[in-house]
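**Q** Shown below is the structure under consideration.
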Amino acid sequence: MDHEHGGMGSMHHLPELPPTLGRVLALDLGAASPVAWLGVVLAVGYGLGLWRLHQRGVRWSTGRTIAWLAGCASLFYVTASGLQTYGMALFSLHMIQHMVLTMITPLLLLMGAPVTLALRGLPADPGPAGMPRRVLLGALHSRLAQAVASPLFTVPLFIASLYGVYFTPLFDDLMSTTPGHTFMLLHFLVTGLLFFGPILAVDPWPRKSTHGGRMLELLLPAPFHAFFGVIVMMSNTVLLTSYANPPESWGIDPLYDQGAAGGIAWSFGEFPTVLVLAVVFFSWTRSEERANRAADRAHDRAVARGESGEDPELTAYNERLRRLAAQNR
């Protein structure tokens with residue numbers, strides 16, 4: 001018989017057996033969150049987009065397809081396995097779920113370039129058939145999208161998903177009902193997508209930023225993320241009512257479990273951050289190399305036409321320096 005755990009709006013049924021590695025990793029479709037089926041819908045939708053491109057003879061990156069499907073799989077797995085069921089009573093397992101939904105799943109989905117796939121697959125027709133593509137383009141260029149894509153929104157939202165959720169009564173309120181818990185999981189996912197989207201810049205995005213700006217944007221929440229983990233890890237009292245009383249038969253100390261959750265939050269963000277930082281840095285170097293090659297080709301073409309091939313701005317700058325040097329003699 002399962003334990004009941006939850007608030008007035010809904011009762012969450014917990015497994016009677018204590019968590020083990022096998023039980024936590026096992027799928028439990030009967031207790032899956034509605035968010036899990038979103039992963040299935042996203043995978044099917046992407047497949048339809050690939051089919052449309054194939055019908056038109058347009059090739060698509062295998063790596064992007066693998067990344068998208070891996071993102072969908074991670075979304076499904078963490079919301080349809082023991083991480084979902086045991087995570088209703090253990091803070092540590094919930095924190096794994098949170099970190100995956102915020103920092104792993106969004107990165108994989110964004111690397112799949114779904115917006116680019118949609119723009120290539122949807123018909124560019126002036127009639128009704130082209131309406132979905134026009135709506136997508138209109139949404140990308142809307143003022144709302146630009147505001148939501150601004151770091152003035154995404155960075156505070158990312159930080160608030162930690163401090164605003166766990167250090168206020170909001171978390172226990174959301175955990176008390178199935179709709180509330182579902183909303184919280186979706187919030188984690190959307191927060192990660194909005195934060196990492198303009199930083200990775202794989203797809204067309206409402207806002208463009210320099211590579212240096214993207215790296216700074218990535219690093220801004222890092223100390224807040226680490227400090228949150230330290231606070232949770234070092235706390236001597238149970239912070240959340242939802243995790244204050246795990247089933248006695250499990251034999252788990254809630255304070256010890258909370259410390260593990262803090263350690264997970266503190267350490268989990270390091271690898272994704274370093275990985276994205278490396279991706280942005282190498283993208284920066286490649287763009288510089290492409291710009292230099294383009295400048296060299298333009299110079300060669302100018303020389304072939306009998307022109308000097310020099311950059312007019314650079315020539316004017318050098319001429320100003322020569323004049324200043326002559327005046328100082």
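The chain as shown is numbered from 1 upward.
Including glycine, each Cβ sits where the backbone N, Cα and C put it.
Just lifted these from TrEMBL, have a look:
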TRANSMEM  35-53  transmembrane segment
TRANSMEM  65-87  transmembrane segment
TRANSMEM  99-123  transmembrane segment
TRANSMEM  144-163  transmembrane segment
TRANSMEM  183-202  transmembrane segment
TRANSMEM  223-244  transmembrane segment
TRANSMEM  264-284  transmembrane segment
**Q** With a Cβ cut-off under 8 Å, give me the same-chain residues at least six positions beyond the ends of the transmembrane segment (35-53) that come close to it.
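**A** For the transmembrane segment (35-53), the nonlocal Cβ contacts are 59-60, 65, 68-69, 71-76, 79-80, 84, 109, 112, 114, 117-118, 120-122, 182, 185-186, 189.
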**Q** Taking pairs 6 or more apart in sequence, does the count of Cβ pairs under 8 Å between the transmembrane segment (223-244) and the transmembrane segment (144-163) hit 3 or more?
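**A** In contact, yes.
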**Q** Six or more residues out from either end of the transmembrane segment (99-123), which same-chain residues have a Cβ under 8 Å from its Cβ atoms?
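**A** Distant Cβ neighbours of the transmembrane segment (99-123) are 42, 46, 49-50, 52-53, 58, 60-61, 63-65, 67-72, 74-75, 78-79, 129-130, 132-133, 136-137, 140, 158, 161, 185, 188-189, 191-193, 195-197, 200, 202-204, 264-265, 268-269, 272, 275-276.
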**Q** In terms of Cβ proximity under 8 Å, which residues at least six beyond the ends of the transmembrane segment (264-284) contact it?
**A** 92, 95-96, 98-99, 103-104, 107, 162, 196, 199-201, 211-212, 214-215, 218-219, 222, 225-226, 228-230, 232-233
